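According to Swiss-Prot, the coiled coil annotation covers 386-553, on the basis of sequence analysis. Look at Swiss-Prot and you will find 624-638 tagged as compositional bias 'Basic and acidic residues'. Annotation comment: Swiss-Prot describes 15-104 as domain 'EH 1', evidence class sequence analysis. Residues or ranges marked as domain 'EF-hand 1' in Swiss-Prot (evidence: sequence analysis): 48-83. Residues or ranges marked as domain 'EH 2' in Swiss-Prot (evidence: sequence analysis): 127-215. Under the heading domain 'EF-hand 2', Swiss-Prot lists 159-194. According to Swiss-Prot, the domain 'EF-hand 3' annotation covers 274-309. Feature annotation from Swiss-Prot assigns domain 'EH 3' to 275-365. Feature annotation from Swiss-Prot assigns domain 'EF-hand 4' to 310-343; the stated evidence is sequence analysis. Sequence annotations record features per position, and here Swiss-Prot assigns region 'Interaction with DAB2' to 15-368.
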Amino acid sequence: MAAPLIPLSQQIPTGNSLYESYYKQVDPAYTGRVGASEAALFLKKSGLSDIILGKIWDLADPEGKGFLDKQGFYVALRLVACAQSGHEVTLSNLNLSMPPPKFHDTSSPLMVTPPSAEAHWAVRVEEKAKFDGIFESLLPINGLLSGDKVKPVLMNSKLPLDVLGRVWDLSDIDKDGHLDRDEFAVAMHLVYRALEKEPVPSALPPSLIPPSKRKKTVFPGAVPVLPASPPPKDSLRSTPSHGSVSSLNSTGSLSPKHSLKQTQPTVNWVVPVADKMRFDEIFLKTDLDLDGYVSGQEVKEIFMHSGLTQNLLAHIWALADTRQTGKLSKDQFALAMYFIQQKVSKGIDPPQVLSPDMVPPSERGTPGPDSSGSLGSGEFTGVKELDDISQEIAQLQREKYSLEQDIREKEEAIRQKTSEVQELQNDLDRETSSLQELEAQKQDAQDRLDEMDQQKAKLRDMLSDVRQKCQDETQMISSLKTQIQSQESDLKSQEDDLNRAKSELNRLQQEETQLEQSIQAGRVQLETIIKSLKSTQDEINQARSKLSQLHESRQEAHRSLEQYDQVLDGAHGASLTDLANLSEGVSLAERGSFGAMDDPFKNKALLFSNNTQELHPDPFQTEDPFKSDPFKGADPFKGDPFQNDPFAEQQTTSTDPFGGDPFKESDPFRGSATDDFFKKQTKNDPFTSDPFTKNPSLPSKLDPFESSDPFSSSSVSSKGSDPFGTLDPFGSGSFNSAEGFADFSQMSKPPPSGPFTSSLGGAGFSDDPFKSKQDTPALPPKKPAPPRPKPPSGKSTPVSQLGSADFPEAPDPFQPLGADSGDPFQSKKGFGDPFSGKDPFVPSSAAKPSKASASGFADFTSVS
């Protein structure tokens, strides 16, 4: 976790104006936000590597917003200054005192710096101070650091080994295998530049050479030799000999050949610089322990890879190992690789002995034995003493040379031992420093471990809390699932109940609809029945009123008949004149009693005559109600009259209007005890004979009404001939009962013969006027009307002598009694005429009923 940001007053104690100028370059509009691209372009001018800049960005933008505000940009500038000053890039180093950051840009105010004494050295003062601190931490010995001590520091940079080897070669300016303070600063400077993706130069540029090293002349390709060891004290003993030699030389007694060999000038090395650099890279890769030497085991694979023989490789190894140490330094390894390259590429065999230009530069400081040997025997002067002295001098010189050789060998051994001791000391110091570093790392690891333990404990607590919460949530989820399941089951049951209720509701609604339809149909049927009942009641009332009138007429007729009987019987001794007067009186009485009624039949002469002017105005004369068949289209009683809309349009098919009985199922008068008036009678029909037919054989009795009086109560004629004998069709008893309605179920049967069958041949009432057109029979031929009897004359004639022709005409019960008499069947106020709309006696134009007429009645208008 990133440390909390430090206030700006502590982060930037000085140089606020400089930081403000930097911020103005990236945010000239002062929006308070610096984008990632603008900040990256500006920070790259610092010369730092992308890795360091990425770390700086992460620290400056800890929340990962993708941009920097003013405070974050100041933190980034401060971290850049830390990196340029050699400090670690962390937020904890923001409080350190350090120079402001520098950016390679013309607009940067730090590009132009005042000249100083050390301005020509590339290592800045602050870097030098930092490198000096690191140098002191490595515990240098006599101001020098060996390769073993510098190696861990260089390895921490994670640079490739060849780059680190090149850095070592460039920084070891005096080639002594150690780095002093300035050389270490150069090495660290090169390492930091390499970390910033800058290439390491092949040769050290003059700007990187420390000022302390520039006083020495460095020849190209030459390397300064190690400082020689101080001469031993006993070497001073050879001074007299030198002096004597000098004296001898000055006297010219010795040959110039016997003088000491002079120092030879420095020659170039046979190994080219480019090959040397390439061989050095191979050496750094081979020198895994970085001790500056490679053993035979380390280079064996490289040498064997060349394909040369082992003897030749052993000879090359012996030539390169000039000091016979069993190891090769960097220059010796380069020389050996040069010999192998010459043999492989050019076929040049290595020499047997090294020439002066083949000796590595680091090995040229040690003089080899004088190949000329000691001083040669001088020319003999002929003086024995001088010759002895010369020989003694030569012997002393040889001894001196051998002693010097021994001294050099001893000094070399001492140097080797000292070097070994130094190396052991270095190893000890290195191990000590490594131990200290390990201890520090151990302490850091322990601290981190403690911190991790604390975090682990916290995480365990958090984990336990989370687990507890998970358990609680799991229990809650399980309980919720249980509730959901129960609710789902309840919901399902409720849905089932709802579906059942809906189905029951639908069924009830359908049943309600059916009942409503049935009720509606029943209401329509009831209304129809009520209308029919009302119409029937009206007809009954009319029939009752007419019946009462007929009763009165009958009584009057009976009284008249009784008077006639009395007159005829001679009870009062009256004459025929009195009988005629009585007849006239009865006629007047009848006319007076029936004056308000209009008999539609009037008299037979008028009834059956063709003179329409003598007849009473017929209400059915202007329009024939039977001109068209009202039931031609459809039979209203064929089926259920309430099955469909009773007001719907009638069907066009021809059906029987009385095909179905509307009272078949429910007769409102079924429970009455009185017999049906229209029920089929077992007795003879009173209308089987025509009352208007003339009796062919009159009885001997002069009374024409003795046997054929239809209104006589004491008539002895048979019940079959008397239409009113036993059963009065207009009696009050039949209409008082509840079963006074006609039985329409028997309408299809042929009706009995009517009272007009004898006179009209049964055509008057033989057919049902409401019968279908197909069932209507043809009418019989018309017969002339019977002649009426002559009225009695004024002469008195005995009763015994009277014949049928002389018998006075009996009053016609259907004859109108007065001029103002009306039709008893005509509709009155308060009475309904059942035949008001359909007149069965309307005249017909044809003798036979036509197909267009549905009437089954005979046409009485043409009967004469």
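Just so you know, glycine gets a Cβ as well, placed from its N, Cα and C.
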Can you tell me how the residues of the domain 'EH 3' (275-365) break down into helix, strand and coil by DSSP?
53 helix, 4 strand, 34 coil
Could you pull the average pLDDT for the region 'Interaction with DAB2' (15-368)?
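Summarising the region 'Interaction with DAB2' (15-368) by its mean pLDDT gives 74.
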Work out, from DSSP, the number of helix, strand and coil residues along the domain 'EF-hand 1' (48-83).
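The composition, in the requested order, is 25 helix, 2 strand, 9 coil.
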Taking DSSP states H, G and I as helix and E and B as strand, how many residues of the domain 'EH 2' (127-215) are helix, strand and coil?
52 helix, 6 strand, 31 coil
For the domain 'EF-hand 4' (310-343), what are the same-chain contacts with Cβ under 8 Å, counting residues 6+ beyond its ends?
169, 270-271, 275-276, 279-280, 282-283, 286, 292-296, 299, 303-304, 349-351, 354, 358-363
